[in-house]
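Undergrad: What follows is a single structure, and I will ask about it in a moment.
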Amino acid sequence: KCAHLRLACRADPKPYYTSKLWWCGITLLGLGEVGNFTAYGFAPIALVAPLGCVSVIGSAFISVLFLKKTMRAADILGGTLAVTGTYLLVAFTPNVPHELTARQVQNYLVNWPFLIYSIIEIIIFCILLYFYKRKGVKHIVVLLMMVALLASLTVIAVKAVASMITLSAKGKMQLTYPVFYIMIVLMVTSCAFQVKFLNQAAHLYKATAVVPTNFVFFTTSAIISGVIFYQEFQRAALLSVFMFLFGCLLSYLGVFVIARNKKEEHLQIHFIDYGHIPGQKLTGKIQPDSHSSCYGTLHNEDDSVKAQR
C-alpha cells in the first residue's frame, strides 16, 4: 500500500513492480504466509485460524507509522478486544496430537461425519453457485459464503500437507503416500477458486465490509472443519469449549470495531473544469473516461443538458 501511494504521487508514475519497496512488502507477505502454513503443522486448526485477527490488529497500528493514518479510539478498543480474545483462544485451545501421519489422514477422509459434512457443503455450494451464475446474485454474503466453504477444504488440506512434510523432515517419510498429493491438489484448487470469489467481493464492496465479514466466515468454517475432520474438540471440557467460543466472539468483535466506519482513501485525480468554457451548461468538475472513443472531446450543449436531467 505504501509503495502504491508513493508511486501515485510521482510526476512520472512507474509500474509498481519496479519499486523496491513493493518487492519488500511482497517478500514479507510471502514469509508471513509460509509461517501461517507451517503453523498448521504444529497447532490445531481451531487455534491457527482465529489468530488471523492478529494481522488485522497489526495492519491497523502499523498503518499509523507507514501510511500516516490517525490512531482512532475504535482501533484501540478493537485491538484490546482482539488481544483478549486471542489470549482466551491460546489458553483454552483443544489439546490434540499435532503430528498427523498419512494413514491417519486417510482414515479421517472416510469417516462418516466428514462424508456427511462434505455432502452438505457441496449441496450448499452448488446452490450458491447457481444463484451466482444463473441469477446473477453477487451479494457479499453469497460471495464470501462460497469463499468460506472452499476455505474449509483448504485448511484441512493445508494441515495435512504441513503435518506430513514436518514428519518427513523428522525422518518419518510420508511423501510416498498418494493422499499427500491428493491433499496438495485439493489445497491448490480450493485456493485458486477462493481468490476468484474474494477478488469479486473486493471489487464490488468496500474493504471495510469485506475484511471483517470474510474473517468471521473463514474462521467459523475453519473451526467447523477442524472439529469434524480432525475431531479437535472430541475430549474437551465444556468450560474449555465455552471459553474458546467466547474468545472467538471477542476476536470477531475486535475486527469489526477496527474496520467499522473506517474511511476509504482515494487518490487525488486530475480533473477538467467545464465551468469557464463557453457554450457549456455544466458547472461541475468532470473526469473524462480515458477508455471512451470520445476521450478528449467535449459534449455539445444538448447532450450536456440531457446528462444533467
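We number each residue from 1, going along the chain as drawn.
Any Cβ shown, glycine's included, is placed from N, Cα and C.
The model shown is predicted, which means the values in this text are computed figures rather than measured ones.
Look at TrEMBL and you will find 21-39, 45-67, 74-92, 112-132, 139-167, 179-198, 210-230, 236-259 tagged as transmembrane segment.
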Undergrad: Taking the transmembrane segment (139-167) as the reference, which of 21-39, 45-67, 74-92, 179-198, 210-230 gives the largest number of Cβ pairs under 8 angstroms?
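TA: Going through each listed stretch, the top one turns out to be 179-198.
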Undergrad: Out of 21-39, 45-67, 74-92, 112-132, 179-198, what stretch is closest in contact terms to the transmembrane segment (210-230), meaning most Cβ pairs under 8 angstroms?
TA: 45-67
Undergrad: May I ask for the residues of the chain that lie six or more residues beyond the transmembrane segment (112-132) and have a Cβ under 8 Å from a Cβ within it?
TA: 138, 142-143, 145-146, 149-150, 152-153, 224-225, 228-229
